[in-house]
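K.L.:
Annotations for this protein, taken from TrEMBL, read as follows:
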ACT_SITE  B:101  active site, schiff-base intermediate with DXP
BINDING   B:162, B:188, B:189, B:210, B:211  1-deoxy-D-xylulose 5-phosphate binding site
DOMAIN    B:7-253  domain 'Thiazole synthase ThiG'
């Protein structure tokens with residue numbers, strides 16, 4: 001079944017995007033990336049050596065740009081200016097590469113996005129010719145604004161970065177997807193394969209994760225689990241679930257019921 | 001990674017068991033079974049032609065016993081006597097095959113198991129030399145009793161047969177698994193790939209399903225989704241999830257909190 | 001609004017039944033009972049002095065039978081014989097009082113009911129003229145059998161005794177209530193006022209609890225909270241909830257959606 | 001127990017705020033308000049006659065300002081300018097009354113708030129001397145910004161206005177409450193008494209609702225249910241719930257478990 005994901009003019013078979021931080025070393029990163037089947041790999045420009053430190057191990061020797069789409073991100077930026085500057089640095093380091101993942105965070109403790117700064121930075125980057133994939137909260141009005149501005153993908157959080165709490169508000173994701181014409185990728189919060197399967201069943205176009213793999217007891221095996229979980233969820237979405245059947249008799253005393261779901 | 005499932009002296013690579021009813025025709029059954037990767041395939045002896053009707057299409061010509069373990073089941077039996085008789089009929093039809101799936105149902109409307117009859121039939125079948133896989137409710141005391149009696153696998157429901165409501169009480173499944181030495185297979189209730197992934201992440205040994213595949217909009221694609229979902233959940237269980245992190249400050253006013261989970 | 005609960009020929013305004021164990025002392029028990037508004041108060045005959053120990057404080061001096069319906073229970077019994085014997089002892093201590101709460105437990109660790117023994121003991125007690133309120137699992141076939149046998153109230157668990165996990169499987173409670181003609185009281189598992197409100201909104205006739213009050217940080221205040229929670233849930237059930245509205249456009253790509261609820 | 005709510009220099013015993021729209025007539029509104037025990041009653045200035053239409057029934061004759069705090073709101077405003085203008089109109093109609101509830105909506109379909117406009121309008125209103133209670137999404141960074149700007153209460157949604165889906169993301173509410181010094185009131189989404197009890201148990205300071213009462217089958221009875229539900233949740237929060245107890249043996253195979261909660 002051919003069911004590719006299109007982002008910024010390129011076509012991908014995998015709908016799993018993964019981060020490169022938090023692994024034991026670059027070799028484990030490489031193994032996890034390989035096991036995950038990911039084709040897009042995101043890199044925190046401020047924390048990862050992509051050539052800024054000439055004598056040190058360079059991630060790009062392990063996860064190579066000829067094989068993977070490298071997606072530089074602005075992790076660690078807490079205002080629009082820092083984020084824009086970081087994207088420009090990434091473009092230089094990667095020889096004119098225009099694809100970036102923008103994140104502007106609200107505080108050190110929760111890493112929740114600062115939306116006012118995110119919107120401002122996104123506008124500047126789009127104007128400057130970047131292809132912007134943008135991390136955001138799950139506000140559907142904001143998601144639409146970011147799409148209308150020209151972002152190539154909108155990436156709402158499932159829950160806080162590094163929390164592993166899964167998709168806390170699937171209803172908001174549905175509202176976002178219903179209006180979207182660009183790919184909606186869940187970014188942050190997924191902790192387990194079932195979290196990933198569930199998010200894909202909702203209809204989202206893909207998922208970006210890092211801690212769920214890197215902080216598993218066995219990261220490489222979890223990378224394999226996540227690959228399958230995402231494919232399972234996507235195929236389940238396309239195959240269309242069986243109807244649910246509740247065995248409640250509508251003429252019974254439970255009519256008018258205040259039920260749990 | 002070698003991680004086989006052992007039931008009644010045989011070894012299986014797949015942890016997905018599937019039913020053969022509710023498909024458009026035997027050819028679609030065959031395709032779905034193949035896409036699912038299942039090695040154990042269950043058949044309702046009272047509803048399916050395994051040779052009882054000589055001139056009619058025979059399921060065993062599509063899903064062949066040389067390739068699959070055929071698991072006859074007692075679907076449609078509402079008392080111990082009928083169930084025992086049905087197992088004996090199956091043994092005759094299948095040339096001395098001892099493996100059966102016992103289910104004794106409580107009523108036509110909900111198909112909830114009748115545990116008193118189930119326990120009685122299980123004892124008779126074990127005494128008569130059958131290898132009994134047994135469908136049951138999610139009562140941990142009953143599950144232990146069925147295991148102690150000699151059943152080769154205990155199969156608690158996730159929710160009602162044909163409901164697609166998923167695993168409604170994961171806590172009871174955990175109580176059952178904690179005491180079990182035979183494989184615990186979730187039987188009934190799974191509706192989506194994420195339901196399957198979640199059940200496997202809980203630690204159960206496998207899942208039996210029918211409607212979730214046969215009543216999907218595209219059954220063969222859903223069979224593939226379920227194969228991946230179960231592998232994802234199993235690998236996720238073995239890989240060990242990342243720790244959850246809740247960003248609540250223990251010295252805040254929310255201490256002593258009545259929280260949702 | 002008059003909306004009484006009828007059990008064994010008596011009429012009650014309160015739908016909250018509470019236990020008397022686990023409090024600091026009988027005086028705190030008395031205060032909590034009073035704050036809860038309960039009219040039926042259950043007592044573990046094997047653990048509580050109702051006169052068996054003449055020189056010791058007697059619960060009945062604090063929670064007096066002229067004001068409350070005393071409901072002796074068989075907590076601590078692990079087989080039918082012990083439970084029946086305990087009920088007979090209670091009848092003697094309480095001068096021919098026929099109302100009892102039967103519980104027969106499956107093991108020391110989980111306190112999950114042993115249903116085979118429960119059914120046997122219930123039959124003996126009914127035959128012996130007792131008015132039997134019976135603690136059971138959430139199996140709808142078993143609940144119906146206990147009702148048909150003549151029990152005056154069926155009391156399924158929400159979750160394990162002392163767990164505070166709430167009602168883990170509301171769907172099973174609905175199945176039970178749909179077929180019931182005697183009062184269905186949730187017994188065990190409720191941990192918070194919202195657990196209680198939710199259970200009442202499902203349509204159950206009342207709730208019995210102990211730890212949720214006795215093990216709260218402030219038991220007497222929690223007793224007051226539970227009184228209101230149960231009234232809120234009952235009134236909500238009778239008032240009929242507003243319709244839920246999901247803002248998903250049925251012609252959107254989310255059609256055929258695999259959703260969370 | 002004295003446990004008042006303080007807003008803009010006034011003290012309230014009730015933590016339930018209710019709307020006045022969607023009732024059959026002003027008389028039903030009056031009865032529901034009375035049954036709810038609410039002391040703050042919100043009014044959509046653009047939809048309700050507060051004197052703008054001299055010959056028509058005036059809400060203020062049924063819900064009188066001597067008895068209730070009237071809280072004019074900007075329902076139906078889709079940009080900052082309209083919202084500010086509506087607040088000024090309300091101040092005129094109500095003789096210099098400074099307390100307003102600001103809501104600026106993002107679209108007609110979902111009524112999700114437009115946060116950029118909300119922030120702008122809030123700033124203008126605060127600068128103009130209004131006491132601003134502000135409806136917002138559940139973004140903790142935005143909530144803090146609105147508080148820092150001088151709003152007297154921040155009112156995050158539980159779910160969409162009129163949806164009755166309850167609090168979809170309790171975790172975000174906890175993040176908001178943890179940083180807040182002004183009252184946090186859940187505004188929108190509550191559908192049942194248990195939704196209300198649960199929100200109060202999380203620690204929020206109060207709840208504003210309208211449809212949950214007005215669209216119940218019996219609004220006046222539901223108003224009474226909600227009064228009790230909110231008191232139950234508040235008392236439960238203050239009383240401190242019993243500890244949850246999960247009966248999983250940490251040395252069992254379920255260690256490292258991927259569990260549901």
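Just so you know, glycine gets a Cβ as well, placed from its N, Cα and C.
What you are looking at is a predicted structure, and each value in this text was computed from that prediction instead of being measured.
Structural setting of the listed features?
P.N.:
Cβ environment of residue B:101 (active site, schiff-base intermediate with DXP): B:42, B:71, B:72, B:73, B:74, B:133, B:134, B:135, B:155, B:208 lie under 8 Å away, each six or more residues apart in the same chain.
When secondary structure is read from DSSP and collapsed to three states, residue B:188 (1-deoxy-D-xylulose 5-phosphate binding site) falls in the coil class. Residue density at residue B:188 (1-deoxy-D-xylulose 5-phosphate binding site): 28 other Cβ atoms are found within 10 A of its Cβ, drawing on all protein chains shown.
Mean pLDDT across the domain 'Thiazole synthase ThiG' (B:7-253) comes to 94 in this model.
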K.L.:
Other residues near the 1-deoxy-D-xylulose 5-phosphate site, CB within 8 A of the CB centroid of B:162, B:188, B:189, B:210, B:211?
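P.N.:
Result: B:160, B:161, B:163, B:164, B:190, B:191, B:209, B:212.
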K.L.:
Of all the binding-site residues here, B:210, B:211, which one's CB has the most other CB atoms within 10 A?
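P.N.:
Max Cβ neighbours within 10 Å, all protein chains included: B:210.
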K.L.:
In this structure, which of the binding-site residues B:162, B:189 has the fewest other Cβ atoms within 10 Å of its Cβ?
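P.N.:
The binding-site residues B:162, B:189 were compared, and B:162 has the fewest Cβ atoms within 10 Å.
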K.L.:
I'd like to know which recorded positions lie near chain A: of B:101, B:162, B:188, B:211, which have a CB under 8 A from one of its CB atoms?
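P.N.:
Near chain A - Cβ to Cβ under 8 Å - we find B:162, B:211.
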K.L.:
Could you find out if DSSP has residue B:101 (active site, schiff-base intermediate with DXP) as helix, strand or coil?
P.N.:
strand
